[in-house]
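Shown next, in structure tokens, is the structure this report addresses.
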């Protein structure tokens, strides 16, 4: 996963996740508080600049991660540009920009800025750090347990998929289109069984290690959390004030 | 189905979050009880979550600010019950926002309501009705998965139509516009999801009959080796 790779290798990996979360939250608030589309666009640019210049995420990587979401945003917003209506003769027509272009630009700018805030957070903070942060914020244990197990199962799924594909390919399962279709069908039918069985094995393994309930892991520690939080609060306040006043 | 980050106005985002909260809270209570009574199901809930994550990551763009994809919540609802799927769906949607930038944090409540609450409850309801009408297990599973998928999309269309009523025709025209656009991609996807769920269910019934019997909604299933 491209986002996970960036989260573990970026320049701000050692910054407290609480500080990065606070700044991202400020970005989300600023994107909704922005008075005009131009202001929201400025908020988006500020967040993107922080991600690129501060955290050291590469331009190409950010573009690759953002491209699908931006594509959805642009395609999705097209529905605001047209409005179906019946004309005098009773036939269906499409009216172009019934409310003008303002709602379209407002939505694109707000959503773009909020997306920039989300990308800042996910590209700089590994999921495990976020789960640890949620534990400190006293989210329900059961929810965190589900998150840990689901996260692990994603890799179990990935491993089972890779193993099965390799085994099928080694037996020329994808040599012809007809064989490939058959192999894909078998892969789909058997993947759930494989993972189900591996999940059962994981449970046995946990019991063998005297696990009696919650799955707990050593959580990373961050040296300058207070300093990081103070800087994030200052930067976030500037972002929100700027979005509100501009 | 996932409405993207920042797409909904703030009052809608907060409103859908408030609407989802009681279901998620009850679901957490149900999962806690399940963990206590059947600790071996902990990993299986993880499998259901991962399955849902993978299926709902197979997305196609839609001209509505959302996207089309299988939901995967029907299978989980049949195996573990609809209430449990609310926190599982919350985790899946949160992971998709954090790992794939698909969906979003501000739209999490709206997405949870459509995919993790309406979808699973429709799946469980349809399954019970179908079994009550003595339809075959395969057809009942197919109908439950297929119609829960469609119910999810109708809910998303309602959410979008409510947030963005049409300039001339209001909510009704907007709903027709969003639902109509979704239908192009979603009806074939719903049928595919129904068939896939039957495949997976059959495979589980064939090789994991013992575990299936221990799950709440499957105690009356005619599980047999084929």
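Please read every residue number as a count from 1 along the shown chain.
Any Cβ shown, glycine's included, is placed from N, Cα and C.
Which of B:170-189, B:190-209 counts as transmembrane segment depends on TrEMBL, and there it is B:190-209. With respect to Cβ pairs under 8 Å, the transmembrane segment (B:108-127) is most closely packed against B:80-101, considering the stretches B:13-31, B:43-60, B:80-101, B:133-154, B:190-209. Touching of the transmembrane segment (B:80-101) and the transmembrane segment (B:13-31) is concluded from the presence of at least three CB pairs under 8 A, sequence neighbours closer than 6 excluded.
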